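First the structure, then my questions, so here it is.
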Amino acid sequence: MILEQYGITSFFKEQKIAATSSYGRVTAVFRDYYRVITENEEFLASLKRGNFYELSSTSLPTVGDFVEISGDLQILSVLERKTVFSRMNKDSAEQLIAANFDYALIVMSLNHDFNLNRLERYLTVAWDSGATPIIILTKADLVEDLSFYAQQLEAVAYGVPAYYVDNLSHHGFEALESDLKPNSTLILLGSSGVGKSSFINSLAGTDLMKTAGIREDDSKGKHTTTHREMHLLSNGWIVIDTPGMREFGVGFNQAGLETTFSDVEELAEGCRFHDCSHTQEPNCAVQAALEDGTLTMQHYENWLKLQREMAYHARKNSPALARQERDRWKVIQKSMRTHFKTRPKK
């Protein structure tokens, strides 16, 4: 069955649709149309007028969604999602990127793109999506000593598998492919030019995606993916490619943040006060870890930054939280200024 190759499972087939309708999966999103594949054909579909009028933008179809298709090839409804990846735009509105993927592959290159702060941000949204995160480090052939990067990953990516790959020699792909479940859906996340298109070609074993070279002046790749699209590989995996995202806003669900920064969250449980701001309160376990070097300042400050960003989006979407959050962060900021002024220099 075609849809089984495209990842449909009993979770979706058990969701009831009309007898005259059929199941489909969205393989690409364009401005006014969606490319959908069913058991019989692949086509461009539009939304059924009126069915989505009063729904929020997050209820609209996105790449990876399983949908109900009418006899005249219109999308009637979106089936319940298992996983979903979204980001917050500049207006604090949630923007859907993709849905129903099993693995979130965070692709970074071992050149100027390698950035732990960005990695922590990607890990936060990956955990929050409900999928299993995997770190892919491309251009491993350019690095003589990988231990430097391995040590940095250990500091922020707790228990997340990392694979060092070379798209030219195919080094590292055998280990990755043996760990991926067959017929699973993968989403690729990463900045422009990190080698996502080349990675897909290596995974597919053919030149499926257009690629571009690296600019010699800054080691940055050229952007090649312009829209979200799904690809069925001959080896059975389904890959969702996304345009490069160097910066994006995280939402206001704490689950992903708590998993990414599980070490800080565990430390916070040892604080004397349950409402500790982790800046200068007595018997603060987080500050104690900073003092003895157990917790790095970079990791701690990134945690605070993402906490504040989530609080910002939360109060933008829930005005009742605005005053409470402003008052809370005024106290935190004042405490931080006092703490860092009085903290002895090492």
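Glycine is no exception: its Cβ is also placed from the backbone N, Cα and C atoms.
Grabbed the feature section from Swiss-Prot, which reads as follows:
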- Thr138, Lys139, Ala140, Asp141, Gly190, Ser191, Ser192, Gly193, Val194, Gly195, Lys196, Ser197, Ser198: GTP binding site (BINDING)
- Cys271, Cys276, His278, Cys284: Zn(2+) binding site (BINDING)
- 93-248: domain 'CP-type G' (DOMAIN)
With the cut-off set at 10 Å between Cβ atoms, which of these binding-site residues ends up with the most neighbours? Options: Lys196, His278.
Lys196
Tell me, how many other CB atoms lie within 10 A of the CB of Val194 (GTP binding site), whichever protein chain they belong to?
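Looking across every protein chain shown, the total is 27.
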Taking just the CA atoms, what is the gap between Cys276 (Zn(2+) binding site) and Gly190 (GTP binding site) in Å?
34
Of Thr138, Ala140, Gly190, Lys196, which is closest to Cys271 (Zn(2+) binding site) if I measure between C-alpha atoms? They're all binding-site residues.
Gly190
Where does Thr138 (GTP binding site) sit in DSSP terms: helix, strand, or coil?
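Its secondary structure by DSSP: strand.
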DSSP on His278 (Zn(2+) binding site), three-state: which is it?
coil
Rounded to the nearest Å, what's the C-alpha distance separating Ser192 (GTP binding site) and His278 (Zn(2+) binding site)? Just drop the number here, would you?
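The Cα atom of Ser192 (GTP binding site) is 36 Å away from the Cα atom of His278 (Zn(2+) binding site).
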Have a look around Cys276 (Zn(2+) binding site) and count the other CB atoms within 10 A of its CB, chains all included.
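I count 18 other Cβ atoms within 10 Å of it.
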Could you tally the C-beta atoms, other than its own, that fall within 10 angstroms of the C-beta of Ser192 (GTP binding site)?
17
Take every residue in the domain 'CP-type G' (93-248), average their pLDDT values, and give the whole-number result.
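Over the domain 'CP-type G' (93-248), the predicted model scores a mean pLDDT of 81.
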